[in-house]
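These notes are about the structure you will find just below.
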Amino acid sequence: MMTRAIHMKKYVTNPSIFNSIIPIARQFSSTSSAVSALESETGPVHKRFGSFIGVIQDKDLLKKAPNGELLVLYLIDNGAMDPDATLYNQLLKKCTEWKRLKEGKVVHEHFLRSRFRHYIVPNNTLINMYAKCESMDDARMVFDEMPERDMVSWTALITGYSQNEGAEEALVLFCEMLRFRFMPNQFTFGSVLKASGALDSGGTGRQLHGSCVKFGYEENVYVGSALVDMYARCGLMDEAKIVFDKLSCKNEVSWNALIAGHARKSEGEIAVKLFSEMNRGGFQPTHFTFSSVYAACASIGALEPGKWVHVHMIKSGLELIAFIGNTLLDMYAKSGSIDDARKVFDRLVQKDVVSWNSMLTAYAQHGLGKETVECFEEMRRIGPEPNEVTFLCALTACSHAGLLDKGMHYFELMKKFKIEPNISHYVTIVDLLGRSGHLDRAEKFINEMPIQPNAAVWKALLGACRMHKNLELGVYAAERVFELDPYDSGPHILLSNIYASAGRRSDAAKVRKMMNEGGVKKEPACSWVEIENAVHMFVANDDAHPQREEIRNMWEKITDKIKEIGYVPDTSHVLWFTDQQEREERLQYHSERLALAFALLNSPPGSPIRIKKNIRVCGDCHTAFKFASKVVNREIILRDTNRFHHFHNGSCSCGDYW
């Protein structure tokens, strides 16, 4: 531990100063004999005392004197201690370490009155201190007022901007530095590459890459890792991999950068594969590694790989801290295992507001309104104060579960917490009112909104009109959507469905024609299911899968069985001008049905089946899956773009309210 000698000057004649120094010396001297030496050497306190060296430890540098000032500055001001540049530097470093901006400014003011104010080293430390305390205006002021700068000065300010959302300023400053003929080092490159990645600027990044090569830093592991991260953040994964492969010496940071890049692109399989290679290479995964892999698995709902990575984390002995626990919780929730998500939540060492919001989101996504409300109330009792995301989760759950009164209560409760609703909250309330059948009330709510309704607000009303077959209001809502978001296929499909359900097939055809003429493309429906760590994808009427005959035969058998216990195809979900038999046949080979048949053929009997779909599940498939869960005696978990449906023994967790 660093110690600091206090040199007390001879012949201090002010007894009051000395009286205050004695107890201070008692606190900070390394041995009691030091104080005794002071007292014995000086004699009575009202007399002069001789030279003394007391000791201040590093941890006590920011201790306060009796009058509230910093002790060290107090001693200097009262003539009991000789200042020097190193002392100021140590004080500023301590302010940086403890993020004590207020004390740092006091030291800065004192430093400016000293004869060392033009010294480069403490000025560089000042720049770093202000940057670490997120006060970039002060950091820039120090930099601009320095009569002389070195490479550290430029790098400290560039790094400060890069770490404080000042990416453009960092890049401009880097160019200025080069014009002044300062040669960048590995830390300079690390910071400007981070800035380039933050701006998602691949072109700038490539130019910086050229500079790295020019100055001989391309194979430096620190700069190389920053290059990998920069390309990955710009979505240029091929370039990131090329740089990564060229690194003669890799470390955990370079591996993490590559894995995180694939995670951001929802490339879960690649992220898990890289994680496995990282382990085989003898590199120790960090919290950031695990967090990235969990996020990648969550994006594709890959439960088994996620569980495998979780086992690795347990074996590594890493603590389940909040930020990694939150991504692990999210992975289990998005993979359909809400029970495992709750177990993770309960085991978190410390729950922050993101932890609570993650759990609330999980419950809401799974349509568990009662559990969401209970969790929200528990958070209000024992957790951190809810924020706007918390309320959005609660409102979404109320909307999915039909809890109208509770949802409206929570919307009003936001005022108590001084949270101003944003457009997402208003969308959810429109959805809540619309789903509950209060269409006129939902329209009135939109008209009285204090902010301009966007396309999402009208889409929520349009969806409710489709649900409750309100043609007139549905057409009005659709027209508003077309004005605000003309290229979204979803509202066109909804309006077409409303017309078709009302028997107005010519109007439905007009909507389809309008889509074709306007270049509006309907997203192809597809479903996928994970079997033995392999993902199998299906589209409607899929005839490309190697097991296509077995899959169709399996679904035909299931169809016969579910018809025996009451399933009747709802052909209103097929909007084709064909006869009843052909429309019924088109229903039977929707992508999620093929995925279910495949899973039944290839998964262990009795095990849960987890299926993902890229669009909202249709009403007939929802009905078919309820019956299927009963005849095959399996739990079927279907995740679409809106929520999870847990089918079991002939019923769905959504209570048919979706």
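Using N, Cα and C of the backbone, Cβ positions are placed for all residues, glycine too.
No curator has checked TrEMBL annotations; they are predicted automatically.
Just so it is clear, the model here is predicted, and its values are computed rather than measured.
Feature annotation from TrEMBL assigns repeat 'PPR' to 150-184 (among others). Secondary structure of the repeat 'PPR' (150-184), assigned with DSSP and counted as helix (H, G, I), strand (E, B) and coil, comes to 26 helix, 0 strand, 9 coil.
When Cβ-Cβ distances below 8 Å are used as the criterion, the repeat 'PPR' (251-285) is approached by residues 221-222, 224-226, 228-229, 231-233, 235, 237, 240-241, 244, 292-293, 295-297, 299-300, 302, 305, 308-309, 312-313, 316, 535 of the same chain, each at least six residues removed from its ends. Feature annotation from TrEMBL assigns repeat 'PPR' to 251-285 (among others).
Within the model, the repeat 'PPR' (352-386) carries an average pLDDT of 94. Sequence annotations record features per position, and here TrEMBL assigns repeat 'PPR' to 352-386 (among others).
Using a Cβ-Cβ cut-off under 8 Å and counting only residues 6 or more beyond its ends in the same chain, the repeat 'PPR' (387-421) has close neighbours at 353, 356-357, 360-361, 363-364, 367-370, 372-373, 376, 379, 428-429, 431-433, 435-436, 438, 643, 654-655, 657-658. Marked as repeat 'PPR' by TrEMBL: 387-421 (among others).
With helix defined as DSSP H, G or I and strand as E or B, the domain 'DYW' (566-658) counts 37 helix, 16 strand, 40 coil. Sequence annotations record features per position, and here TrEMBL assigns domain 'DYW' to 566-658.
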For this session: Take the repeat 'PPR' (150-184) and find every residue of the same chain, 6 or more past its ends, with a Cβ under 8 Å from one of its Cβ atoms.
Result: 120, 123-124, 127-128, 130-132, 134, 136, 139-140, 143, 190-192, 194-196, 198-199, 204, 211, 215
Problem set entry | Long-range environment of the repeat 'PPR' (352-386) - Cβ separation under 8 angstroms, sequence gap at least 6 | 322-323, 325-326, 329-330, 332-334, 338, 341-342, 345, 393-394, 396-398, 400-403, 406, 410, 417, 419, 643-646, 653-655, 658
